[in-house]
């Protein structure tokens, strides 16, 4: 069966968009840099403490993905005491999660969204891209 030119291309674009929406909101490097420059993003490094100690994006708070669910459900004072940082609010915008290559960052974003954090986003390029292109 012959297809009209461009029909297959349109389907592939639609399929890619559906996959991206299912994966959750993402932030690309140019947008992340703009958000950081304007002070409008909070970064969460969800890698292990050892990975984060070896290098991270400046200003990121390290909360390993294995403890993220309990951290995001803590009382604000307990969060502050444990992480020396203010606990994010459910309605905060631009809560950006990242890991080394993307899988744990996506997992963290989806977890935060399931807990009601509407501004949770995944930095799609992850620390690997940041370290190669920025720092």
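Heads up, the Cβ atoms here are built off N, Cα and C, so glycines get one too.
Given the structure is predicted, the values throughout are model-derived calculations rather than measurements.
Annotated in TrEMBL:
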- 99: active site, cysteine persulfide intermediate (ACT_SITE)
- 37-135: domain 'Rhodanese' (DOMAIN)
Seminar exercise, completed: Secondary structure split (DSSP) over the domain 'Rhodanese' (37-135) reads 42 helix, 14 strand, 43 coil
For this session: Any same-chain residues 6+ apart from the residue listed as 'active site, cysteine persulfide intermediate' with CB under 8 Å of its CB? Would you list them in sequence order, or say none?
Result: 45, 46, 47, 65, 105, 108, 126, 127
